[in-house]
Amino acid sequence: MDKIKVTQELADQLKTTLMDVQQPIAKRFRALFTLRNLGGSLCIDAMTEALKDDSALLRHEIAYCLGQMTDNRALDVLIELVKNTTEHPMVRHEAAEALGAIADPRAFDILKEFSADETKEVAETCQLAVSRVDWYTKNEPESIDNKTYLSVDPAPALGSGVSFGAVKDQFLDGDLDIFNRYRALFSLRDIGDEKSVLALCDGFKDKSALLKHEVAFVLGQLQHRAALPALTEVLLDESESAMVRHEAAEALGAIASTETIPLLERLTKDKEAIVSESCEIALDVTDYFNNTEEFQYADGIKLLSEKSNPQISN
Ligand SMILES: [Fe+2]
Ligand SMILES: [Fe+2]
């Protein structure tokens, strides 16, 4: 597919939908994914302006998308989000992760500074991003040809030759630093069989909300039905962090099992806005995977790769 030329008019049109609070959140997300997939400074500007929105879910998704674009023109806005301690922790987390994804050494000092942030998920994300930036200054990026999932991951998978048992142990080792646990997490995702899916589900017993939210995210990428019971349990657990429940909802949307629809519909009334809005997105994604005619997600997929799914946030 030829790359679409982004005009000011097109960027403005997408921005209008993105910022229109009268529109369903799922439609606004579709506009966001289109901006992400198109890329370039006009799209970055439109996305930056939409960071004024009241929805923390939308703002965190914008930060995620800015990271996935790996365009260092988004560096300043992402740094401001990390520094803004009045911003929602999930948004700051995503901005820090995005800085790790862009891997520009100019963000290194900020990431180091906020590695001691009092909000645990922000601190852990900054530690992770520091390790990622450091890793990619010393190692070549993986070839895109070898990747099944086109997301820019917060940590590289472990090299081949590590046994399944060793990967699982590394993933579940709560004494290990977050970067090395994430490396094992992405190895399990890349193995991708039922045994790996169930090992990933074991991660939901962990103390780190950050690790658990990433587990839910990769389970969404894997779209494996063996994860349905664990994801459902996490989504239903009101004592769980909203960030984790949000990813569980969207992962259920990506698995797109019709039997999950009543649960997602019910939780569009959840008292936590991040969760209720995520269920709306999840229903939209479920609908997309069951009827693939819709323009925005389909367009995004073709622009990224036939192998990719809509890649809702992590
Ligand atoms: Fe997310
Ligand atoms: Fe995240």
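From the backbone N, Cα and C atoms, a Cβ is placed for every residue, glycine too.
Where the annotation comes from TrEMBL, it is an automatic prediction and has not been curated.
If you look up TrEMBL, you'll see His60, Glu61, His93, Glu94 marked as Fe cation 1 binding site. Annotation source TrEMBL lists Fe cation 2 binding site at His213, Glu214, His246, Glu247. Here TrEMBL flags 227-267 as repeat 'HEAT'.
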- Task: Using a Cβ-Cβ cut-off of under 8 Å, list the residues of the same chain that are 6+ residues beyond the ends of the repeat 'HEAT' (227-267) and lie near it.
- Result: 57, 89-90, 93, 121, 197, 200-201, 204, 209-210, 212-214, 216-217, 219-221, 274-276, 278-279, 281-286, 288-290, 309-310, 312-314
- Task: Using a Cβ cut-off of under 6 Å to any atom of ligand 2, determine which of the binding-site residues His60, Glu61, Glu94, His246, Glu247 qualify.
- Result: Glu94
- Task: Measure from the CA atom of His246 (Fe cation 2 binding site) to the CA atom of His60 (Fe cation 1 binding site) and give the result in Å, rounded to a whole number.
- Result: 11
- Item | the repeat 'HEAT' (227-267), counted residue by residue under DSSP: helix, strand, coil | 34 helix, 0 strand, 7 coil
- Item | Integer Å distance between the CA atoms belonging to Glu61 (Fe cation 1 binding site) and His246 (Fe cation 2 binding site) | 11
- Task: Using C-alpha atoms only, work out the spacing between His93 (Fe cation 1 binding site) and Glu247 (Fe cation 2 binding site) and round it to an integer in Å.
- Result: 14
- Mean pLDDT over the repeat 'HEAT' (227-267): what is the value? 97
